[in-house]
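Chemist: The domain 'PAC' annotation in TrEMBL covers 104-156, 226-278, 352-402. For 160-224, 279-349, the entry in TrEMBL reads domain 'PAS'. Here TrEMBL flags 703-896 as domain 'Histidine kinase'. Under the heading region 'Disordered', TrEMBL lists 840-862. What TrEMBL records for 906-1022 is domain 'Response regulatory'. Residues or ranges marked as 4-aspartylphosphate by TrEMBL: ASP957. Among the features that TrEMBL reports, domain 'HTH luxR-type' is placed at 1050-1115.
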Amino acid sequence: MRGTRGLGVFDLQKIRGAGLEKAIRQVPAAVTIVEAASGEVILANEEAKAMMRRMLTAPVPSRLEDFRDLRDAGDFKLYRPDGDAYELEEWAVMRSIRTGEEVSDEEYDYVAADGTRGTMRCDASPIYDDEGRVVAGVLLVRDVTEEKRAEERRRYDAGLLENIHDAVLATDARFVLTAWNKGAERMFGWTADEALGRSVIEVIARDYGDEELAQELRELTETGRWRGERTWYRKDGAPVQAEGITVALRGGRDETTGYLCIMRDIGGRREAEERLRESEERYRRLVENSPDAIAVLAEGSIAFVSPAGARLVGAGSPGELLGVPYLDLFHPGSRAAVEAGVSRALGGETVGPFEARALRSDGGAVDVEVSAIPIVREDDPAVQVLVRDVTERKRDEEALRASSRRTENILESVTDAFYTLDHEWRLTYLNGRALRFASQLAGEEFTLDDLIGRTLWETLPATVGTSIEDEYRRAVRERRTAVFEYPYPGGGPIFEVHAYPSEQGLSIYFQDVTERKRTEEAIRARTLQQAVVADLGLRALANDGLGSLLDDTVALVARTLDAEFCKIVEVLPGGEELTLRAGFGWQEGAVGSTAETDPQVSYTLDASEPVIFEDLETETRFEPDPVLLSHGVVSGMTVLVPGRHGPFGALGAHTGTRRVFSVDDVNFLQAVANVLATAIERETAERELGEVREAERSRIARDLHDEALQDLAHAMTQAQIVHAAPAGEETANRSVGLAAALTRVEQQLRGAIYDLRLEAEHDKPFSELLASLVELHRAMAPDLDIRLDLRDGALEGPLKRVGRETLRIVGEALTNARRHSAARNIRVSVSTSDGRLFAEVSDDGRGVHPPRQPSPAGGVGIKGMRERARALGGELKIESEPAMGTKVRFEMALERKREEPESDVRVLLVEDHVAVREAVAASFEREAGFEVVGQAGSLAEAHRVIDEEGVDVAVVDLGLPDGYGGDLIEDLRAANPEAQTLVLSASLDRAETARAVQSGAAGVLHKTAHLDEVVGAVKRLGAGETLMPLEEVVGLLRFAGTKKDEAHEAHRALESLTPREMEVLQKLAEGLDSEGIAETLHISVRTERNHVASILTKLRVHSQLQALVFAVRHGAVEIS
């Protein structure tokens, strides 16, 4: 369809005038004319209208633009062949009227309003006016859905035909080839181009004459069908044996229009038939010559038997056995099994082989192996039976079993995995343990048959090119034994390998030492951690400054834990902000920075326990800290650093790779935090004590300045006046004032001297110093009635720190009452009860509300008293009401019982780690009342100290180089019946704790315990206290008793063995098998087995290996 010119201004009249309307209406396709200017459909034939009605549910639009709304509303859809939407601007007629494009055979898919799918093919041409302008467009559309489907079916049928393996060919009525598939090409060697158009008789040569061909053609034309097998020839002359089927193709008037032929190559089938005949002949000869008896059974009797069958039962010839009931040829004890097997075979099942006994004609019996196979015959079922004489094999098997038992006994005593290799690295033997390891490492379940003959490198490819291959090759090359450790690639187990070269190849023993290596590494890490904690404790004692200690701590912790980052975070006063006090691995400027929050640290402070995370990004307990994320932190842990009135802060360690922190890691970090807490507490206490001392000095100086010096100046003035004035009454009055002023100066100087003297009065009893204090205040205020109530036993002995600070608190309370209460009576009371100290100063003065209670001028007042009380770990309470007087009460727990020992507690430290031992010793040296009389790193050294020195309390590590630390307790008690033992354990295992308590330990602490906790426990032991509740001790002793009962039962079981059974057990430990034991002990093998059975019964075990393990564990035998 080409563009039309000369219509001028386009309208329907001109179309009609040009004679086009009639022509358009007669076109057998949908034709539409669209005006270019308006896009209006000005003419559509009936085909076009009918097509649009099928497509749409709405009325057919008159303008192209209206189709867009219908499409958007889902009334119909158009798609390009590639699946994209066929937009209105892309329609063929739109392109023609807009650009003048000629469109031919353009296809698109549609979905009609009723869901019908199909394909349209369209042509479009522009219509031009006289001046060459496009005024309209003609669109011709054909629905080619059925045409496309028919074409697809033809392609499918053609593909099906091409893919049939058989030769398929077709001819016309004159036998000229019209179709020739790939199968025909393969069968006859002619391509389709060579065969088509030629006579089939010319293309496919035959091995028979024209007369037979004529006969075939007659049969085909008369019946419309021919089938037969023939030999034809390929293009290259090679014969082809094939089966052919030819049918006539009929036309509409039942005339023959051609022929369809399918041909199948049967050369392979004929060869198979020939092979079958040859196989039958070979089988016949095989049956006749087979050493095994072959028989066919039918209806309970022998229908056929081979010559070997006749020989087996002693018959003269096979014919003698025909018709004989087959069960008569078997031993009565085997007939039921044989009859059941034959019955199963008659049912169609292949049976056997199974063992039976056959009867010979001379009455003898023969061990045989029987198999039964069904013979399928329509009317006469039968069974073929194969009978094999296994007499010799049974003898060989028994000998092999005996040998295998000896080998198994030897290999059972080998706890290592064992395998052998030949010189081609092929596996020639594996014991069960090696087989299990191979399956585990390869990730595949192997049997012994799977591996024998395979190379080691094929079985475990991960070992190729690794150190194990190098070691094996070196052992073979240098013919020397190789012993080495091998970590299996990919994070697998660690093996200890022993490779022994021989003429046959290599014999390898190996064992999994992963747990041993992990234990060694854990011990090494734990030892290092303990040493680090001890070192930090010593550094803390050296008191080189808290800042230096914190910096050293983060570096040591990071290095010990192999962590990239470490930090110490302090909670600032108010608890709203945190500051990074010390850090390792952080960006420059991070240390010293302050933040309102650190999510992990805040969570740790709230939880009051260690917080550990393995993957920061997936953590759900707290929001990931941006600072940690910016440093690439993946895993970490944080522990609390304790403080006096709440947490000081937190200590954290972090890594840039995923890490699972162990319990030992957490304990180590917490132990370091405890050391820091001690150092921080000591620095805080020293600072506060310094402040108190400085305030005390300031108070004394102010008292001397404001009172003593003022009174002294007044006295000097009065003295000068008296000296200058004449004698008289006024001079006498001034002399009285001078005496009073000098008296006050004396009292004030005495008070100052008392306060200053307290620092040096270490040897005087507390009661004497308290009485001096009260007497001093009585002298200062003669008009006051100050009474002292000192109960017997309250802080007896030398003053020491508690007594000194208590005197300062009482003195400050007395000063306040004397100066500010306007009281007439003051009562001082000091007593102890239930391990607590009580000191009280009460007056009957005017009293005030506690918040408004005045602080004495020039003194430290209530603040000083509270600081001293807090430093002692006690509590200060002040009760005061107007006109009701004031009561100041101090209360604290005493660290010792009421009766203090007269001498220092003598301590022995038994620990094989020097750093830990010295750290504990330094802690005791800081405390008054202790004397470390000796340090020992072994049992031998400890015994020497016990023999030479008196010991009150021993701190003992259970794991010592030369024995069990608990064994020391009995010797310690023998030297001093009152001595106590505190055990330090690395595991706190219940069995180990029970054993220690049973040995006489008074308490058990973990090695990571804070040093102050160790000192506190020894204090309590030295004072006669108990560390463990009675019910816990009873429970541990019961547990130990259970273990002891088990051991007792084991020894009773061993004692029940006879001397001969003990000898057998020892020979088993030496690796002898049954025959070896029998020969060594001059007994029979049967007797040896009876002894072994008796041993297993008495020891309540199930195997020789279990019996050996039991005996070795309880010291009954030794492995040689």
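Placement of Cβ uses the backbone N, Cα and C atoms for every residue, glycine included.
Just so you know, TrEMBL annotations are computer predictions that nobody has curated.
Help me picture these features in the structure, burial and contacts included.
Modeler: When the domain 'PAS' (160-224) is classified with DSSP, helix, strand and coil residues number 33 helix, 14 strand, 18 coil.
Mean model confidence of the domain 'PAC' (226-278) amounts to 84 (pLDDT, 0 to 100 scale).
For the domain 'PAC' (352-402), the number of residues in each DSSP class (helix H, G, I; strand E, B; coil) is 12 helix, 27 strand, 12 coil.
Using DSSP to sort the residues of the domain 'Response regulatory' (906-1022) gives these counts of helix, strand and coil: 56 helix, 31 strand, 30 coil.
Less than 8 angstroms from the CB of ASP957 (4-aspartylphosphate) sit VAL910, GLU911, ASP912, HIS913, GLY965, VAL983, LEU984, LYS1007, each of them six or more residues away in the same chain.
According to DSSP, the secondary structure content of the domain 'HTH luxR-type' (1050-1115) in residues is 50 helix, 0 strand, 16 coil.
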Chemist: Over the span of the domain 'PAC' (104-156), count residues by DSSP class, listing helix, strand and coil in order.
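Modeler: Across the domain 'PAC' (104-156), DSSP assigns the residues as follows: 12 helix, 30 strand, 11 coil.
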Chemist: Could you give me the DSSP helix, strand and coil counts for the domain 'PAC' (226-278)?
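Modeler: Counting residues per DSSP class in the domain 'PAC' (226-278), I get 12 helix, 30 strand, 11 coil.
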